[in-house]
Amino acid sequence: MAVAAAAAAGPVFWRRLLGLLPGRPGLAALLGRLSDRLGRNRDRQRRRSPWLLLAPLLSPAVPQVTSPPCCLCPEGVHRFQWIRNLVPEFGVSSSHVRVLSSPAESFELMKGQIRVAKRRVVMASLYLGTGPLEQELVDCLESTLEKSLQAKFPSNLKVSILLDFTRGSRGRKNSRTMLLPLPQRFPEQVRVSLFHTPHLRGLLRLLIPERFNETIGLQHIKVYLFDNSVILSGANLSDSYFTNRQDRYVFLQDCAEIADFFTELVDAVGDVSLQLQGDDTVQVVDGMVHPYKGDRTEYCKAANKRVMDVINSARTRQQMLHAQTFHSNSLLTQEDAAAAGDRRPAPDTWIYPLIQMKPFEIQIDEIVTETLLTEAERGAKVYLTTGYFNLTQAYMDLVLGTRAEYQILLASPEVNGFFGAKGVVGAIPAAYVHIERQFYSEVCSLGQQERVQLQEYWRRGWTFHAKGLWLYLAGSSLPCLTLIGSPNFGYRSVHRDLEAQIAIVTENEALQQQLHQEQEQLYLRSGVVSSATFEQPSRQVKLWVKMVTPLIKNFF
């Protein structure tokens with residue numbers, strides 16, 4: 001509360017605080033964005049304030065330590081170091097980071113990692129499909145669990161799966177029925193958690209049809225973890241995502257600290273979710289408020305505490321680890337370290353987990369993304385991609401109002417996941433075309449066509465679901481930062497769903513080249529949007545769709 005009181009004291013507080021940050025443009029921009037947000041929200045009576053996110057900056061949870069020298073703040077990427085004031089910073093060698101290029105590669109890697117897992121398998125997704133490929137994945141899990149029991153020295157293998165309740169319960173055959181044999185056969189080793197948004201309750205829950213109740217809010221995090229290795233992606237566990245639905249994937253191999261963090265994060269969300277039982281019923285964790293039957297405010301407060309405890313404790317651990325590493329390096333020469341057998345390569349890549357759970361008043365990803373867009377200077381290039389082009393007003397204003405060059409990749413109607421669907425849902429691609437045309441018109445009216453360019457992805461027989469961004473600093477032909485994970489940069493991602501992605505910051509040229517090639521391969525399958533694009537027959541939007549889109553755009 002002291003933070004909010006200090007912020008309310010007025011501009012003098014901010015001048016003094018920003019004066020303490022020479023040479024920290026990122027953090028200064030972050031505080032500036034938050035100051036603007038407080039001004040907009042000050043008159044709203046809200047139980048919790050996003051200003052609480054500033055607490056780690058003003059009242060650190062751990063003692064202040066001397067910042068390491070340039071080994072942790074390399075030239076050119078040091079400007080992103082401010083992110084660690086909000087989330088844990090994980091320094092790794094770029095040799096442990098691999099960008100995957102195709103759905104098939106991701107699927108085969110996932111199965112291979114499950115087969116050799118000894119300690120833990122943690123999988124968070126929107127849903128698990130019901131086809132033969134999804135069954136193959138379940139069979140892999142079952143086989144690995146069986147082997148763990150039959151081994152000469154039985155392992156402590158644990159499997160934790162987190163899905164969305166509404167999406168995972170749709171239809172008679174669904175994610176729950178696919179997974180049910182696992183908790184039935186291995187009740188001591190398997191946990192299946194189903195997150196239910198606290199905003200779908202009461203009469204609303206009774207009236208909204210099954211296919212549409214997902215619009216209120218979802219568990220949208222996609223993390224696939226095997227022992228100490230992690231796949232971060234935007235892809236769900238469904239056949240199209242294993243074959244012909246284009247997404248992004250990064251494999252973090254033997255990164256124990258990152259694996260520990262995401263295990264704890266999934267456990268935290270699992271604790272505030274419903275637990276699947278062997279008889280296909282669900283139960284609340286003992287002592288937890290029910291997500292849609294209990295008091296919503298109390299539930300959200302408990303969920304906020306559970307998740308923020310994970311983030312803050314990991315941040316504290318990493319700060320202490322950085323301090324110890326810095327102290328040890330100052331005492332030991334490289335020869336001493338080699339003689340002692342420490343052959344670990346120095347970190348040249350930094351991973352920052354960015355969490356967005358607005359229902360729980362956690363908006364770290366939003367703050368970091370807005371600050372990155374704010375700081376992108378003249379000459380910098382931002383490649384931003386989303387499968388569902390529906391930017392929030394804040395992101396749109398930053399794209400149109402800052403100086404960096406933007407190339408925005410989005411799905412053409414034919415590769416939109418809803419293309420050809422029956423009923424009202426089939427009009428969703430047209431709604432996205434309408435939103436795209438409105439944005440393009442605004443770009444043109446501002447004379448920004450050279451600086452902000454739209455491109456549409458098209459690939460015969462495929463759909464498009466990739467999201468994220470690549471940041472190229474001014475004068476550089478390779479990206480030094482990428483965001484990869486579940487957020488789509490739209491209203492849902494920011495306000496309704498549970499999201500997670502990572503910021504990868506690297507000074508390693510080989511990894512930068514991997515990221516650059518990933519970006520190029522996606523954009524090579526696209527065409528530049530012009531006024532002629534919207535004259536095509538496939539871009540004609542019916543009047544009723546134009547009228548309805550402003551009313552429903554916040555739900556997709």
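Here the Cβ of each residue, glycine as well, is placed from N, Cα and C on the backbone.
Annotation source Swiss-Prot lists transit peptide at 1-28.
The phosphoserine annotation in Swiss-Prot covers Ser49.
What Swiss-Prot records for Ala124, Ser125, Leu126, Tyr127, Leu128, Gly129, Thr130, Gly131 is ATP binding site, and it gives sequence analysis as the kind of evidence. Counting only residues at least six positions away in the same chain, the Cβ atoms of Leu163, Asp164, Arg167, Gly168, Leu218, Gln219, His220, Lys222, Asn236 sit under 8 Å from the Cβ of Leu126 (ATP binding site).
Tertiary neighbourhood of the domain 'PLD phosphodiesterase 1' (215-241): same-chain residues 100, 103, 106-107, 109-110, 113-114, 116-129, 131-134, 137, 162-167, 195, 197-200, 204, 208, 247-256, 258-259, 262-263, 265-266, 269, 273, 359, 387, 463, 465-468, 484-487, 492-493, 496-502, 555-556, selected by CB-CB distance under 8 Å and a gap of 6+ residues from either end. Summarising the annotation, Swiss-Prot assigns domain 'PLD phosphodiesterase 1' to 215-241 and lists sequence analysis as the type of evidence.
In this view, His220 (active site) is surrounded by 26 other Cβ atoms within 10 Å of its Cβ, with every protein chain counted. Feature annotation from Swiss-Prot assigns active site to His220 (among others).
The feature active site is assigned by Swiss-Prot to Lys222 (among others), with sequence analysis given as support. Lys222 (active site) falls outside any helix or strand according to DSSP and counts as coil.
According to Swiss-Prot, the active site annotation covers Asp227 (among others), on the basis of sequence analysis. With a cut-off of 8 Å between CB atoms and residues at least 6 apart in sequence, the same chain places Gln113, Ala117, Lys118, Arg119, Arg120, Ala259 near Asp227 (active site), listed in sequence order. Asp227 (active site) falls outside any helix or strand according to DSSP and counts as coil.
Per DSSP, the secondary structure of the domain 'PLD phosphodiesterase 2' (460-493) breaks down as 3 helix, 13 strand, 18 coil. Residues or ranges marked as domain 'PLD phosphodiesterase 2' by Swiss-Prot: 460-493.
Here the domain 'PLD phosphodiesterase 2' (460-493) returns a mean pLDDT of 97 for the predicted model. Sorted by the number of other CB atoms within 10 A, the binding-site residues Ala124, Leu128 start with Leu128, the lowest. Long-range Cβ contacts of Ser125 (ATP binding site) within its own chain (separation 6+, distance under 8 Å): Leu162, Leu163, Ile221, Lys222, Tyr224, Asn236, Leu237. Annotation note: Thr130 (ATP binding site) sits in a coil segment as assigned by DSSP. For Tyr127 (ATP binding site), the same-chain residues that are 6 or more apart in sequence and have a Cβ closer than 8 Å to its Cβ are Leu163, Asp164, Arg167, Gly168, Arg170, Asn174, Ser175, Asn236, Leu237, Ser238.
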